[in-house]
Amino acid sequence: MSVMSNRHHIVRRQIGLICSLMSLLTSPIFAQNNPRTILDFDKGWRFYLGDEPKAKDVAFNDSDWRKLPLPHDWSIEGQFSEQHLSTTQEGALPTGIGWYRKVFTVPISAKNKAIFIEFDGIYRNSEIWINGHLLGIRPYGYSSFRYELSKYLKFGSEKNTLAVRVDNAAQPNSRWYTGSGIYRNVRLVMTSPIAVNQWGTFVTTPTVSNQKATVSLQTSIRNATRKSQTIRIVSTILDTFGKAVATQTATSVQLKDTLTIVSQQFDVSNPLLWSVEKPYLYKIITQIYSQNQLVDSYETPLGIRYFHFDPATGFSLNGQPMKILGVCLHHDLGALGAAVNRRAMQRQLELLKAMGCNAIRTAHNPPAPEFLDLCDEMGFIIMDEAFDMWKKKKSKQDYGLSWDAWHKTDLEDMVRRDRNHPSIFIWSIGNEIREQFDSTGITITKELASIVKKLDTTRPVTSALTENIPDKNFIYRSGALDLLGFNYKHEAYADFPKTFPNQAVLASETGSSLQTRRHYDMPSDSVRMWGKGGPANFKDGNPDWTASAYDNEAAYWGSTHEQTWKVIKKLPHMAGLFVWTGFDYLGEPHPYPWPARSSYFGILDLAGFPKDVYYLYQSEWTNKPVLHIFPHWNWPKGKTVDVWAYYNQADEVELFLNDKSLGVRKKTGDDLHVMWRVTYEPGTLKAISRKGGKPVLTQTISTVGKPTKIQLIADRTTLKADGKDLAYITVNVLDDQGNLVPDANHLITFSIQGEGIIAGVDNGYQASMEPFKANYRKAYNGKCLAIIQTSEKARKIRVKATSEGLQGAVLELISR
Ligand code: GAL
């Protein structure tokens, strides 16, 4: 059992499968009378795929249901099938109805506590019962919520039963893969009757300079004692080393009603500012005392920073002009589906950071809370988005059906949950909303903007728009947006200062360029814009459902990566961009029909392997020296092959084939890459970038021989034995010289010894029909991926990969 401190929590513990709280509450930590207890509630659940209405009853016997830990996504465990398609959008995996149950006990000593169950997200239409009492329903699959259990609980040795029905049967309800189930974390929270309310603090920094910051904290305190109370609140700002830098005490605070808001102000001298390069984090600990007894202790993250969106000069952070260099991300984690895993999200963010990306748009829904914690810690600017549709639906069965009853609650909950994250800079109330085009757009925009503004006025409200003729756009005409976000149509950006005078603007979505990793269609300088008429009418595609990795294909409403970046780069009034998308995601396989089942838009593929264009951004968005030449060098003799190079920090690149120079190329004007048109002959391509005549970087690519062996490379070899940590193992098929074989598609079989499981396998190919939960995967263009998950036992994990005709490989991981 591990005890750790968590950013919002004072005590957080893992509990075992049997999940008796009894032992915990008599443990030394609880005995110290820690007033707020937060228990991961992810173990000891039982799951049934199908509908079982009686399962809400306490007496129901679930002993033959499957045992599993949460978070869980049942869709990702299924097989791809045309039968699961209601449109091609959602990814061709099974959906349906599922039930979860958990039986637990609560010790008598917790009787005077307020006890809550917190869900970070259930996709979708959850209905939850405790001991047969309906606690509530929640249609939106991306909202976090809690229910109070206190009055329904039994204490001591008597058992309590939580039952959760999840209904994702009505399809289509999304334009991308959603996953199904309790796919985010669950906690049991116990507080004193007097305690900070759910998401009950709100921290802002009204004035910030390098010399001094003022910090303002509002704390909403819940009083469930039914009596008026007098309390004392002590709030302390701690720096990253835990040293107190400011403290405020409010004495004789009267709590009359159920909720009382208390304000405190602090001065922090010489504050260390939060930025994307140095995301410096403070935290505030708020302690509540009643009759000199500590009754609650609550943690709020704090990043001190200031920013501005300017109609003429774009975005600045802490007084420094900078571009928002962002990507849009859907919430699926590739082979893991929607089931939240902190390490999986961290890996995505690490890969994006290394590319120079500094911002994420959470397309098109609120993310898991851990994702925002990571962005606070790693330095990303977040555009937190609430909805993909309002009342006017985009899919037959989508959230539009719940709009009237739920939009206010869902939007308020997003803002209240997320507003303390320093990484959040923009609230987006919607993506490509249909109400842009009729007058209801005016009323709804005003309503939504005012919901946000009541809870937070420190960030601009935007909506990702497509209609850029001002008169025709009713969301714009509402006058309620602080920042205009436009999707695509990069030709229009230059005129924005005239079309939308005095409006701060950013490109909320760009690109939608289409690529399959390491597949190349030539000539590379002719661009295919795919898909007018929709995927069903798609005719001229490649027979293997591939798209070209030269950045020469895009959806017809979008552009190549280069086309849009060239424009944004030059226009100071464009605050930044969010490229569609950082990673390929499940669903929306535009332009291909079934059996393509995942998207082609990613800068990295579904497995997280970079496509070539990753290095375009790296060469533009970082100061790291970059030289990246492609494609591979295995072609039919005599074929004309286009060789591209992305580079930076150099004036020129010279390319050699078998030591013969093919010439020097220099980017001129707007160029973002250079190219040589080469008649193929086998051998070695060598590129040298030079600055002032001196070599900067060299890269070689050789014609490879027959595949002979497997290579395994782990992203991390030392893991936490917490049952959650992951190692991402890249599997390369190599020739005997150690070169990657560009078209190798061997079936690789994995076996594990020790304390780990295979959490998922993938190869990034958009039309692979192999399941993600398996101990095998075919390589695609030389590579595949195995994701290994630790157990709670600290031991070695041995991963073995074999394939017929190849020398196998073994890799050891340490889990501790
Ligand atoms: C946009 C939309 C995204 C995605 C993308 C694909 O218009 O906002 O959700 O569908 O197109 O190109």
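Just so you know, the numbers here start at 1 and follow the chain as drawn.
Note: Cβ is positioned from N, Cα and C throughout, glycine not excepted.
These features come from TrEMBL:
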| type | residues | note |
| --- | --- | --- |
| DOMAIN | 44-190 | domain 'Glycosyl hydrolases family 2 sugar binding' |
| DOMAIN | 202-305 | domain 'Glycoside hydrolase family 2 immunoglobulin-like beta-sandwich' |
| DOMAIN | 315-465 | domain 'Glycoside hydrolase family 2 catalytic' |
| DOMAIN | 638-696 | domain 'DUF4982' |
| DOMAIN | 710-810 | domain 'Glycoside hydrolase family 2' |
| SIGNAL | 1-31 | signal peptide |
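Counted with DSSP, the domain 'DUF4982' (638-696) comes out as 0 helix, 37 strand, 22 coil. Contact count against the domain 'Glycosyl hydrolases family 2 sugar binding' (44-190) (Cβ pairs under 8 Å) is highest for 710-810, out of 202-305, 638-696, 710-810. The helix, strand and coil residue counts that DSSP assigns across the domain 'Glycosyl hydrolases family 2 sugar binding' (44-190) are 19 helix, 55 strand, 73 coil. In the domain 'Glycoside hydrolase family 2 immunoglobulin-like beta-sandwich' (202-305), helix, strand and coil residues by DSSP number 0 helix, 73 strand, 31 coil. For the domain 'Glycoside hydrolase family 2' (710-810), the DSSP-based tally of helix, strand and coil residues reads 0 helix, 57 strand, 44 coil.
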